[in-house]
Structures are given as structure tokens and as C-alpha cells.
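Sharing the record's features from Swiss-Prot:
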- 1-281: topological domain 'Cytoplasmic' (TOPO_DOM)
- 1-274: region 'NFeoB, GTPase protein domain, binds GTP but not ATP' (REGION)
- Gly35, Val36, Thr37, Val38, Glu39: GTP 2 binding site (BINDING)
- Asp56, Leu57, Pro58, Gly59: GTP 3 binding site (BINDING)
- 282-302: transmembrane segment (TRANSMEM)
- 303-308: topological domain 'Periplasmic' (TOPO_DOM)
- 309-329: transmembrane segment (TRANSMEM)
- 330-343: topological domain 'Cytoplasmic' (TOPO_DOM)
- 344-366: transmembrane segment (TRANSMEM)
- 367-382: topological domain 'Periplasmic' (TOPO_DOM)
- 383-403: transmembrane segment (TRANSMEM)
- 404-426: topological domain 'Cytoplasmic' (TOPO_DOM)
- 427-447: transmembrane segment (TRANSMEM)
- 448-452: topological domain 'Periplasmic' (TOPO_DOM)
- 453-473: transmembrane segment (TRANSMEM)
- 474-517: topological domain 'Cytoplasmic' (TOPO_DOM)
- 518-538: transmembrane segment (TRANSMEM)
- 539-663: topological domain 'Periplasmic' (TOPO_DOM)
- 664-684: transmembrane segment (TRANSMEM)
- 685-690: topological domain 'Cytoplasmic' (TOPO_DOM)
- 691-711: transmembrane segment (TRANSMEM)
- 712-721: topological domain 'Periplasmic' (TOPO_DOM)
- 722-742: transmembrane segment (TRANSMEM)
- 743-773: topological domain 'Cytoplasmic' (TOPO_DOM)
Amino acid sequence: MKKLTIGLIGNPNSGKTTLFNQLTGSRQRVGNWAGVTVERKEGQFSTTDHQVTLVDLPGTYSLTTISSQTSLDEQIACHYILSGDADLLINVVDASNLERNLYLTLQLLELGIPCIVALNMLDIAEKQNIRIEIDALSARLGCPVIPLVSTRGRGIEALKLAIDRYKANENVELVHYAQPLLNEADSLAKVMPSDIPLKQRRWLGLQMLEGDIYSRAYAGEASQHLDAALARLRNEMDDPALHIADARYQCIAAICDVVSNTLTAEPSRFTTAVDKIVLNRFLGLPIFLFVMYLMFLLAINIGGALQPLFDVGSVALFVHGIQWIGYTLHFPDWLTIFLAQGLGGGINTVLPLVPQIGMMYLFLSFLEDSGYMARAAFVMDRLMQALGLPGKSFVPLIVGFGCNVPSVMGARTLDAPRERLMTIMMAPFMSCGARLAIFAVFAAAFFGQNGALAVFSLYMLGIVMAVLTGLMLKYTIMRGEATPFVMELPVYHVPHVKSLIIQTWQRLKGFVLRAGKVIIIVSIFLSAFNSFSLSGKIVDNINDSALASVSRVITPVFKPIGVHEDNWQATVGLFTGAMAKEVVVGTLNTLYTAENIQDEEFNPAEFNLGEELFSAIDETWQSLKDTFSLSVLMNPIEASKGDGEMGTGAMGVMDQKFGSAAAAYSYLIFVLLYVPCISVMGAIARESSRGWMGFSILWGLNIAYSLATLFYQVASYSQHPTYSLVCILAVILFNIVVIGLLRRARSRVDIELLATRKSVSSCCAASTTGDCH
């Protein structure tokens with residue numbers, strides 16, 4: 001079979017991702033485009049004659065970049081297409097918005113690259129009384145047009161057949177430009193590098209005349225002739241860029257008049273009716289908060305019901321199973337405990353997180369695909385404008401509920417570097433799925449019937465602190481106003497099950513692989529440091545271990561937030577959590593249960609793997625039956641409690657160590673707000689600079705320590721009023737000094753707002769050699 005590389009390109013909300021998932025299924029690989037941290041998705045699929053590599057390009061409305069303030073997505077798409085890596089392009093077009101989508105189509109066809117138009121969302125178009133003549137559209141465009149309903153898989157086989165039959169586009173003159181424009185474009189094309197095809201040279205010439213700033217990187221000497229060409233054109237027309245765009249829109253209007261009845265189209269009545277409520281200025285925000293709470297409640301509820309299968313099952317396989325192998329093969333006791341507690345305990349920490357995190361990703365994917373997330377950004381626009389940000393900056397922040405890494409990377413969709421940078425600084429405060437696992441454990445141990453409310457309050461606190469961080473930046477080192485907010489609101493539709501499953505699986509797989517490696521390694525090292533003293537002797541009591549000795553020295557620093565000296569395990573959890581937040585649960589589980597594991601006698605004769613696995617399945621089934629009972633719906637944390645006996649096990653020890661719900665909640669505040677995990681730090685450094693990464697770390701530590709201290713000292717004021725008053729005043733005074741210093745430093749850091757463009761500039765410079773892909 002021949003190998004074929006295809007670029008998949010289209011407008012945002014055209015169904016491009018759904019089509020990508022339909023074609024490639026689970027055969028996907030996610031990486032980054034060279035030079036920038038924009039996500040690059042590739043997938044594999046086969047047709048009758050070809051083995052296809054499908055590259056999912058970022059959604060974009062056009063290939064023209066008028067300003068360096070523009071989104072990175074347009075630049076990446078343009079660079080890839082001009083690199084020549086794609087043998088064929090599939091342009092996904094939204095049939096219900098044909099006129100707007102055809103602007104990108106015309107630009108692609110003018111390039112002369114073989115192209116197939118995938119006319120998607122025909123079901124939505126039909127509901128709006130839109131009729132499109134497919135054959136007439138294909139004839140006018142000079143390329144195949146394949147009707148699709150990607151959410152239902154309709155038209156996929158026809159698209160694969162068109163891929164096998166692909167050929168050069170018919171030589172149809174689509175756009176009738178003014179003759180002076182063509183003359184100047186041809187004159188620029190003559191001095192461009194000869195290895196660029198003639199059609200692409202003329203296209204680049206038109207792009208330069210239109211004001212595209214990145215086409216000059218490909219034009220060679222032609223860029224030196226641009227000013228003279230524009231001067232000659234201005235003697236004959238007012239604005240060359242306007243004439244070019246107008247010629248394209250006239251062509252699009254002529255095509256639509258012939259092939260469709262868009263003038264008699266009817267808007268979606270359902271979408272219009274729902275938007276009157278969802279976008280209401282008074283109801284919009286409460287509805288958004290309710291949707292977020294419902295998402296959290298269902299994730300905790302259903303995920304908690306599935307937890308026994310992963311928890312009890314992993315204990316049977318990786319803890320008791322390893323112990324059985326160790327005793328059967330006569331391993332030394334220390335080795336058996338080390339493997340069971342380190343390796344087995346690490347795996348047992350990762351797997352129980354899967355149901356709740358998976359449910360969270362599933363519901364996020366549902367909200368994104370259904371069209372609600374765009375409405376959430378619109379609802380939050382007024383609040384974001386107060387921060388000097390456009391409403392669409394809230395979209396990457398919402399993604400942070402799943403993971404902060406794509407939240408940071410999602411800032412690339414914003415137009416201005418200042419807006420990107422502010423959003424990046426706010427993103428780490430959004431409570432990710434890994435933090436949810438920590439909150440659920442603490443809620444079950446300390447808050448009982450109020451567990452759901454406690455966890456929801458932490459989610460809201462994260463949003464509030466992100467907003468306050470934005471306000472702080474706006475009035476200190478990042479003064480400025482938001483760009484006008486224009487955003488397309490897609491019609492509501494029911495997401496395709498296959499697409500939801502694939503998106504959830506891709507996110508969950510990345511989480512498990514990333515978290516699993518770190519948790520297991522950390523658990524093994526913690527077990528080792530728990531087994532030896534500072535002098536190198538083996539210890540029977542973890543309180544005499546090297547880890548305990550070192551941690552006790554550091555723990556007094558956290559006394560103001562309610563971590564007592566004998567609770568050194570909590571200090572270790574904070575340090576390991578800097579690697580990955582999910583490691584906090586693994587660390588506390590390993591340390592709080594260490595003594596119990598060492599003291600327990602394991603009888604290999606009584607071990608029955610089948611019986612333990614059956615117990616896990618039975619417990620899961622019972623939990624699922626009870627999941628939607630009224631009592632569980634009112635208190636979803638109980639469904640995921642996982643350790644019913646509070647006097648024994650990790651949760652019992654944790655309850656004793658913290659001593660009060662106030663101390664536990666203060667600890668959770670610190671976990672929510674302090675240092676981002678390593679992967680988020682790396683994303684911040686790549687998207688902005690190391691300096692801004694350092695600022696994010698220091699600001700997060702300050703906010704976490706300050707807020708946790710204020711909460712705990714106010715909550716425990718009656719126990720030690722003098723100490724509490726000193727701590728409160730010290731925190732307030734320190735933050736006044738910090739804000740004052742940031743205001744004075746404003747003039748020194750403005751230049752750094754361009755940091756997000758450095759990697760793009762290098763990518764653009766490398767594009768002529770084909771390296772920007």
C-alpha cells in the first residue's frame with residue numbers, strides 16, 4: 001500500500017475533531033509542533049490503496065496573518081501547508097455556515113495543493129432548511145466535495161474512496177482579482193525562489209499585498225520589492241487588502257447563490273430557545289455554576305461507585321499478590337514489604353484515581369462537544385473584561401478542570417501576548433482532576449455530610465483566586481484593556497459516543513501514564529527512605545526513619561497553616577506533590593499505612609486471588625446499584641469514601657494527625673494554590689519564559705501560604721489569640737509589600753510580554769527549510 005500524508009484543516013466548530021476521531025479511532029499520537037507547544041495530533045488509517053497519516057491542523061478561519069498579535073493557530077496551519085509535507089488536504093466545511101467556511105476553501109484551492117472538501121454537518125443544515133447542490137459545488141470549486149455527517153459516521157467510506165482517487169484540482173479560475181493586483185502579484189512572484197511552484201508564488205504575492213506578515217519568510221528577495229508594489233497599487237486603489245478580500249467574498253456569494261438556498265435558511269429553534277435562558281445576563285452565571293457542580297457531583301458519584309473494582313482489585317493483584325509471591329519464593333521480609341508497599345502501593349494509588357478522573361474527562365468532553373463551553377465563555381465575558389481579558393480566555397481556564405497543562409497551552413488561541421500571559425498565570429489556580437482525588441479523600445475523612453460542599457467550595461476558591469490574580473496583574477505589571485470579544489456560538493447537538501470515548505481515552509491515558517510513572521517511582525523511593533535511618537541502619541518504626549528526621553526539621557514552617565510537628569507525613573506530601581498533584585495521595589497513603597503494613601502478618605495459605613477479585617466486582621456492583629439513590633445524590637463523597645473504618649487504615653491515621661477539620665481544610669487550600677506540578681511548570685516555561693515560570697511558582701506559594709494561614713488562624717483564633725493575630729498581621733503586611741514592589745516593577749517587565757512570540761519567530765524563520773512541522 002502507498003503511504004499518504006493528509007492535512008485536515010477547517011474552521012473552528014466545523015466538526016474537524018469528530019471527523020479525525022472517526023477516521024483514526026484510537027490510532028492517534030499527540031505531540032507538539034516544532035518550536036512551539038501547540039498540540040499536534042496525528043492519526044493512522046487505511047483505505048483500499050493507501051496507508052494514511054492524518055495530521056489534524058489547528059482550527060482557523062483563514063491563512064492570512066495581518067498582525068503579530070494573532071492566534072498561533074493560523075500561523076501553524078499556514079506553515080504546515082506551505083512546508084509541502086501534505087500530499088493532500090481535506091478541508092472540513094460546515095454546511096450550515098457555508099459562506100463563511102468557503103473563505104478558507106478558496107485560499108487552499110488558490111495554492112494549487114490537491115484538496116477534498118468534506119461538507120460536514122449536513123444534518124444540522126437540513127434542520128435549518130438549507131439545501132446544497134453537491135455536484136454543482138464540486139464543479140464550481142474544481143475539486144471533490146463529499147457530503148458528511150461525521151457524528152453518525154455517514155459519508156466516511158465515500159471520503160476514503162475520494163482519497164484513493166485524489167488528483168490535482170481542476171484548473172478553475174475561482175476569484176476574479178483586479179488586473180493591477182494580478183500584475184503586482186506576478187511581479188513579486190518572479191523574484192521569489194524558483195523551487196516554489198508558480199501557483200504558490202502568485203498566492204504568496206497576493207498574501208503579501210493583503211498584508212500577511214508571515215508570507216515574507218517564504219518570499220525571499222520579493223519582500224524587498226513589496227513597498228514599491230504597494231505604492232504603485234495605491235495610485236490605482238485605496239486599499240489593496242480590502243480589494244483582495246472583497247474579490248474573494250464576491251466569488252463566495254456567487255457560488256452560494258448557485259449551489260444553496262442560504263437566504264431562506266431558518267436558525268435552529270432549539271438553540272435559539274435554550275440560548276435565551278443560558279445566555280441570560282441574570283441566569284447565565286448561576287446556570288454555569290450549577291453545570292460545574294453537576295459535572296463534579298456526577299464524576300464523584302459514578303467514579304466513586306466504580307472505585308472498588310480498581311481499588312480492591314489492584315490490592316489483590318499488586319499488594320497481596322506480590323506478598324504471596326514473596327512469601328512463596330522466600331524473599332527476605334524487607335524485600336517483600338518494599339515491593340508490596342512501594343511498587344504495589346504505587347500502582348494501587350494510581351488505579352483508584354482512574355474512575356473519577358475518567359468521569360471528569362468524559363463530562364468535560366461532553367460539554368465541549370455539545371456546544372455549551374462556548375456559551376460559558378460568553379457568560380463569563382463581563383467578568384473577564386473587568387480583568388482586561390476577552391471572554392474566550394475563560395475557555396482554556398475551564399479546560400484546567402481536567403488538567404492545567406492543556407489549560408496553559410490553550411492560551412495560544414488568544415490574540416494578544418498580554419492576554420495569553422495573563423491567562424497562563426491564572427491557569428494553575430484552576431482545580432485539576434488530580435486535585436479532585438486529594439479533595440475526595442480528605443472530604444471522606446473530615447467533612448462527612450458536608451463533603452460535597454467542601455470540595456465544591458475549593459473549586460470555587462480556585463476560580464476566585466485565578467480572578468484575583470488577574471486583577472493583581474492588571475493593576476500592577478500588565479496594564480491594558482481587552483481586545484473586543486467576537487466568538488462563534490455553535491448550535492447545540494448531541495455529541496457522538498465514539499468521539500467522546502476517544503477524547504476521554506486519550507486524556508485518561510495521558511494522565512495514567514504521566515501520573516503512574518511518577519507515583520510508582522516516588523512510592524518506591526519513599527519506601528526506601530522509610531526503611532533506613534540517617535545513620536544507614538534498618539528501622540522498624542517509620543518515625544525513626546531518615547525521611548521522618550528530615551521532614552520534622554521542615555514541618556515547623558507549616559505550623560501557621562495547621563500542620564503540626566508530628567504530622568511530618570503531610571510535609572512530605574507537599575514536596576512530592578510538586579512533581580505531580582496526584583502523588584500527594586500516594587505519598588500520604590504510603591506513609592500513613594507504613595506501620596500497619598509492617599505489622600501485618602500475611603498468611604499465603606489464606607490468600608485467594610479469585611475470591612478477592614470477586615469481592616471487588618461484587619462491591620462495585622452494589623455501589624452502582626446505590627449510586628443514584630437519594631442519599632448518595634445528596635452526599636456523593638460518601639460513594640467514594642473507600643475506607644469505611646475511620647479508626648484504622650490511612651484515613652484513620654490521617655484523621656488523628658491533622659486533629660481537626662479546620663487544619664485539613666487549610667492543608668487543602670495550600671494544595672490547591674501552591675506550586676504547579678512539574679509538567680505545568682514546563683508548559684509555562686515553553687509558552688512564556690523561565691522568568692514567568694519562576695514568577696508563577698513564587699506567586700502561587702505566596703497565595704497558598706497566605707490564604708491557608710489566614711483561614712487556619714481565624715478558625716483557631718480562640719485557642720491562641722496572640723499567635724494568630726501575629727500571623728494574620730504578618731501575612732497582610734507581607735502581601736502589601738509584594739503588591740507595592742510589583743507596581744514599581746511594571747516598567748521593567750513590559751518587554752517580557754513578547755516572550756510568547758519568541759518561539760513563533762524561530763518557527764517562522766525555519767519555515768523556509770521545512771522544519772516547522
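Glycine is no exception: its Cβ is also placed from the backbone N, Cα and C atoms.
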For the recorded GTP 3 site, enumerate neighbouring residues of the same chain (Cβ within 8 Å of the Cβ centroid of Asp56, Leu57, Pro58, Gly59, site residues themselves excluded), in sequence order.
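Going along the sequence, the neighbours come out as Leu8, Ile9, Gly10, Lys16, Thr60, Asp73, Ile76, Ala77.
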What count of other C-beta atoms do you get within 10 angstroms of the C-beta of Asp56 (GTP 3 binding site), across all chains shown?
23
What average pLDDT does the predicted model assign to the topological domain 'Cytoplasmic' (743-773)?
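Mean model confidence (pLDDT) across the topological domain 'Cytoplasmic' (743-773) is 47.
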When you look at the transmembrane segment (344-366) alongside the transmembrane segment (664-684), do they share 3+ Cβ pairs under 8 Å, ignoring any pair fewer than 6 residues apart in sequence?
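When sequence-distant Cβ pairs are counted, the transmembrane segment (344-366) does not touch the transmembrane segment (664-684), since fewer than 3 lie under 8 Å.
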In the three-state scheme derived from DSSP, which category covers Leu57 (GTP 3 binding site)?
coil
So are the transmembrane segment (344-366) and the transmembrane segment (691-711) touching or not, going by 3+ C-beta pairs under 8 A with a sequence gap of 6 or more?
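Touching, no - the transmembrane segment (344-366) and the transmembrane segment (691-711) miss the threshold of 3 or more Cβ pairs under 8 Å.
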Mind telling me which of the binding-site residues Pro58, Gly59 has the densest Cβ neighbourhood, counting other Cβ atoms within 10 Å?
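Buried the deepest by this measure is Pro58.
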Given a Cβ distance threshold of under 8 angstroms, which distant residues of the chain, six or more beyond its ends, lie next to the topological domain 'Periplasmic' (367-382)?
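Residues 13, 18, 271, 275, 278-279, 281, 284-285, 287-288, 291, 295, 390-395, 398, 485, 487-496, 499-500, 503 contact the topological domain 'Periplasmic' (367-382) from elsewhere in the chain.
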Within the same chain, where does the transmembrane segment (309-329) have neighbours whose Cβ lies under 8 angstroms from its own Cβ atoms, ignoring anything closer than 6 residues to its ends? I mean 6 or more beyond.
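Residues 335-336, 339-340, 343-345, 347-348, 351-352, 354-355, 602, 604, 607, 609, 612-613, 615-617, 619-620, 642.
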Do any residues of this chain, six or more beyond the ends of the transmembrane segment (691-711), have a C-beta under 8 angstroms from a C-beta of it, and if so which?
421, 424-425, 428-429, 465, 469, 560-562, 662, 665-667, 669-676, 681, 684-685, 727-728, 731, 734-735, 738, 752, 755
The topological domain 'Periplasmic' (712-721): which same-chain residues, six or more beyond its ends, come within Cβ distance under 8 Å?
560-562, 660, 662-663, 665-666, 727-728
Excluding near sequence neighbours, so keeping only residues 6 or more apart in the same chain, what lies with its CB under 8 A of Leu57 (GTP 3 binding site)?
Gly7, Leu8, Ile9, Ile76, Ala77, Tyr80, Ile81
Reported in the order helix, strand, coil, what are the DSSP residue counts of the topological domain 'Periplasmic' (367-382)?
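Summed over the topological domain 'Periplasmic' (367-382), the classes give 14 helix, 0 strand, 2 coil.
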